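What Swiss-Prot annotates here:
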- 226: active site (ACT_SITE)
- 139, 169, 173: Ca(2+) binding site (BINDING)
- 99: N-linked glycosylation site (CARBOHYD)
- 1-25: signal peptide (SIGNAL)
């Protein structure tokens, strides 16, 4: 029915109603933690020196939940994506073969089980929580004489409160002329020895001109030293947040060339320094908040890597990295 009458008029003897209050202004932000959780088990590395690492993509996919299943899958010669489900506990070092992706489901873990990547290539370790690997079984992740390795969204730790510094070994060591390695979005915490690049002062013949490593968007917390420690290598560190480093932060030695950008140190002794070697290394430091600590190293010559990357800016690093780094992905 079509209404054709006159429009209703507000009576002149009534006061006009007050206008409604304005709607609150809402600024919507994209939550980086939500975005960071979107992932696929076939993702390839797209950041840093390890870019292009594809792991087991294109091979078989297998889900493992026991030490025996995990060891068999990781050591095989076949290209494979290995999905870790649940908690796996042991006291061993598992040798990881080439063309593997080791992917942790949310809530999965390796306790007492270290990963050993030696003379291999094209390996991805992603969303893995690894802890309490005894020194006799090596590092949480040990990379030797290998190339194209991507460690992403991992949680690496130990039990620092109850044991001395040599009860466990390092959390993540990259040695023996390894090349094209990226460590990204990883939570490195509660340990004495964080991450070592280059294992010995006497290994210059093998390591010089090698050890190209990128550390991007990592959170370092309550680690005494090696955050990281670098001999001989060329290492790019950007968008990292480090706190409670009781002995030292970044240690550059034996001629290492470091580029440190868009990063923050908090409650740290000797943020960028030189310790425990015959000769110093070098560091170019851009937009780094030392948090009242010091950078006492000479400036080097490494000013730009041969890949593109995005700097968050030191003022934005903490909000972007804390709570996002670590085992935070779902697949």
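Including glycine, each Cβ sits where the backbone N, Cα and C put it.
It should be emphasised that the depicted structure is a prediction, and the values quoted were computed from it without experimental measurement.
Shown here: features listed in Swiss-Prot, placed on the structure.
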| residue | record | contacts (Cβ under 8 Å, 6+ apart) |
| --- | --- | --- |
| 99 | N-linked glycosylation site | 55, 56, 59, 78, 79, 80, 121, 122, 123 |
| 139 | Ca(2+) binding site | 114, 133, 169, 170, 171, 172, 173 |
| 226 | active site | 170, 193, 194, 195, 196, 248, 251 |
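Minimal Cβ crowding within 10 Å, among the binding-site residues 169, 173, is found at 169. Shown in sequence order, 114, 138, 140, 141, 142, 170, 171, 172, 193, 196 are the same-chain residues outside 139, 169, 173 whose Cβ sits within 8 Å of the Cβ centre of the Ca(2+) site.
DSSP gives residue 173 (Ca(2+) binding site) a strand state.
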